[in-house]
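What TrEMBL annotates here:
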- 206-290: domain 'RCK C-terminal' (DOMAIN)
- 16-49: transmembrane segment (TRANSMEM)
- 61-78: transmembrane segment (TRANSMEM)
- 90-116: transmembrane segment (TRANSMEM)
- 158-177: transmembrane segment (TRANSMEM)
- 384-403: transmembrane segment (TRANSMEM)
- 409-428: transmembrane segment (TRANSMEM)
- 440-461: transmembrane segment (TRANSMEM)
- 473-493: transmembrane segment (TRANSMEM)
- 505-523: transmembrane segment (TRANSMEM)
- 535-558: transmembrane segment (TRANSMEM)
Amino acid sequence: MIEQLFSILRAHPELALFLALGIGYAIGKITIAGVTIGAVTGCLLAGVLIGQTGAVLSNDVKQAFFLLFLFAIGYRTGPQFFQSLNADALPQIAVTVTLCVVALGVAIVLSIFFGFDLGTAAGVLAGGTTESATVGVAIDTFRKTAPTPEAASQFESAVATGFAVAYLVGVVSAILVQSQLAPRLFGRSLKDACAELEAELNITPHDNSNSARREIEARAFVVADTLVGLTVQEAEARVPENQKAYIEQIRRGSEIISPAPKERLQVGDIIAVAGLRGFLVEYSSRIGTEIDDRELLDIPVEVLDVVVTNKEVAGKRLWQLKQRPEARSVFLRGILRAGQPIPTFPGLTVRRGDVMSIAGARRHVEGAATLLGYADRETTATDMVFVGVFIFLGGLIGIPALKLGALEIGLGVAVGVLVAGLVAGWLRSVRRTFGFVPEATLWFFDSVGLCAFIACVGISAGPSFVTGLVQSGPALVIASALICVISHLAALALGRWVFRMNEGLLAGTCCGAGTSAPALAAVQEAAGSKVPTLGYGLGYAIGNVLLALWGAVLVTVLG
């Protein structure tokens with residue numbers, strides 16, 4: 001029975017790949033000592049296991065999945081990456097670059113010290129920095145100069161061995177450094193640091209909550225005598241600063257009108273007020289007598305995610321946008337930056353590429369969406385012409401190489417596609433008429449593209465994986481831990497003692513620079529705050545690019 005299964009997998013290696021994905025994603029859900037293994041490590045281990053059957057997958061299959069992953073990374077981070085290239089972001093850029101450069105330097109030194117072969121060195125760098133893209137870029141770079149196919153296969157096996165051990169060590173090390181060691185080093189808890197920044201930026205629990213108590217409702221009231229004679233604008237101005245409520249419609253006699261801001265309220269008017277539930281409950285007596293008027297409350301509403309692309313909006317603070325006429329009767333539910341929810345507060349600077357979730361009456365939401373950028377409505381349509389052309393052009397850019405004797409220096413196809421993804425994401429953010437890739441498609445490119453590539457690497461490495469692990473296991477653990485700890489400590493020291501960054505913001509920047517979402521989650525839990533996410537997006541955008549490039553740099557330097 002078992003031998004028959006092995007024969008099937010050898011005869012149909014494409015089935016081996018999907019089996020590795022299924023098993024790998026299942027393994028990835030396992031949690032050990034509070035740390036989730038993750039789909040990437042799970043698929044690598046599943047691939048190694050299935051690789052023992054002797055199944056062989058084409059390099060072309062592996063490379064195709066990897067290019068989809070690289071394009072997705074670039075597309076996601078492109079707007080943030082290009083917008084970060086300004087003087088205001090200098091401290092965060094410096095911290096990110098420092099972490100990445102130190103990680104590369106430590107990896108090179110330790111690889112020489114422990115006598116790692118080139119593949120193991122690349123795997124340890126990728127795992128210690130928890131950057132999976134480094135694996136593919138290193139493999140792509142080595143394959144161009146590999147003396148024989150066997151040498152390329154051995155290199156790949158060594159990369160898989162180094163990465164499998166180092167990745168888990170890197171994740172745990174980043175969590176411990178940022179959530180436990182750094183607060184002790186600075187003599188202040190993350191909770192206190194984030195509370196200080198929250199007070200400075202006027203961030204309140206109200207700003208960070210999307211709980212049911214903040215749901216938006218519309219209720220009908222017979223207008224109170226104290227409001228009669230006021231304009232709609234004057235009545236709305238009486239709403240407390242930390243609340244929002246708007247008069248959407250007025251029933252005057254048998255007529256229902258959508259009032260202008262200068263419309264005056266009259267005796268007997270019935271008004272439809274949209275606002276946060278807590279406000280409507282607490283202040284209902286001041287608004288008037290609540291009644292049930294279904295026709296008046298029949299207001300088409302919409303909840304919409306909008307990607308910020310308008311250059312007139314990017315760089316503005318939320319309080320400035322709130323004063324725009326388009327913001328009237330529009331409620332901000334939250335903001336995503338680099339895929340992470342960030343706290344909202346009046347002084348928050350909106351950046352190009354931010355995804356703002358807004359809600360309200362449809363006519364107002366549509367107007368606000370036009371001001372902000374483009375509406376990210378749910379759709380299954382992907383602009384595959386755009387995706388295919390950019391991946392192709394990126395690959396073409398990466399092919400040319402400068403020859404210096406026996407040495408070839410060039411971007412490589414993988415890095416070329418990453419650069420193309422960055423440009424594609426940026427173009428989409430400034431020209432919203434083409435290049436749409438839904439979030440679900442991006443997830444597939446990102447998660448499945450990477451995990452399929454890693455599973456292929458594991459399957460190829462299967463027969464020699466155990467031997468390599470036995471030979472280098474302890475050294476891999478030590479090296480990957482040192483790469484992570486030293487690079488993070490260097491970045492922390494620069495950010496805190498040179499740039500005087502707030503510890504919570506600094507921790508988020510370091511987690512982004514190290515592309516470690518698990519570490520960010522641990523920092524947020526320790527801080528009891530979303531403040532660290534304010535630094536994560538920029539660090540993640542730059543760190544992803546640099547750490548991917550390091551795969552080529554390390555192979556070139558040590559090769």
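The backbone N, Cα and C atoms fix where each Cβ goes, and this holds for glycine too.
Model, not experiment: these values are computed from the prediction.
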Paired segments the transmembrane segment (409-428) and the transmembrane segment (61-78) in contact, 3+ CB pairs under 8 A: yes
I need to check the long-range neighbours of the transmembrane segment (535-558): which residues 6 or more away from its ends have a CB within less than 8 Å of a CB in the stretch? 70, 73, 77, 80-81, 84, 89, 92-93, 95-97, 99-101, 103-104, 107-108, 111-112, 118, 121-122, 125-126, 129, 131, 133-142, 337-338, 340, 342, 351, 407, 409, 411-412, 414-415, 418, 422, 501, 505-515, 520
Counting only residues 6 or more past its boundaries, what in the same chain has a CB within less than 8 Å of a CB in the transmembrane segment (158-177)? 35, 37-38, 40-41, 44-45, 47-48, 116-130, 132, 135, 138-139, 457-458, 460-461, 464-465, 468-469, 472-473, 476-477, 479-481, 483-485, 488-489, 492, 511, 514, 516, 518-519, 522
Contacting positions for the transmembrane segment (16-49) when only residues 6+ beyond its ends and CB under 8 Å are counted: 9, 55, 57, 61, 132, 160, 163-164, 167-168, 171-172, 175, 447-448, 450-452, 454-459, 461-462, 465, 518
Take the C-beta pairs under 8 A between the transmembrane segment (440-461) and each of 61-78, 384-403, 473-493, 505-523. Which stretch has the highest count? 61-78
Ranking 61-78, 90-116, 384-403, 473-493 by Cβ pairs under 8 Å to the transmembrane segment (505-523) puts first 90-116
Intrachain neighbours beyond the transmembrane segment (90-116), with Cβ under 8 angstroms and 6 or more residues off its ends: 84, 124-125, 128-129, 162, 472, 475, 478-479, 482-484, 486-488, 490-491, 494-495, 499, 501, 506, 509-510, 512-514, 535, 538-539, 542-543, 546-547, 550, 553-554, 557-558
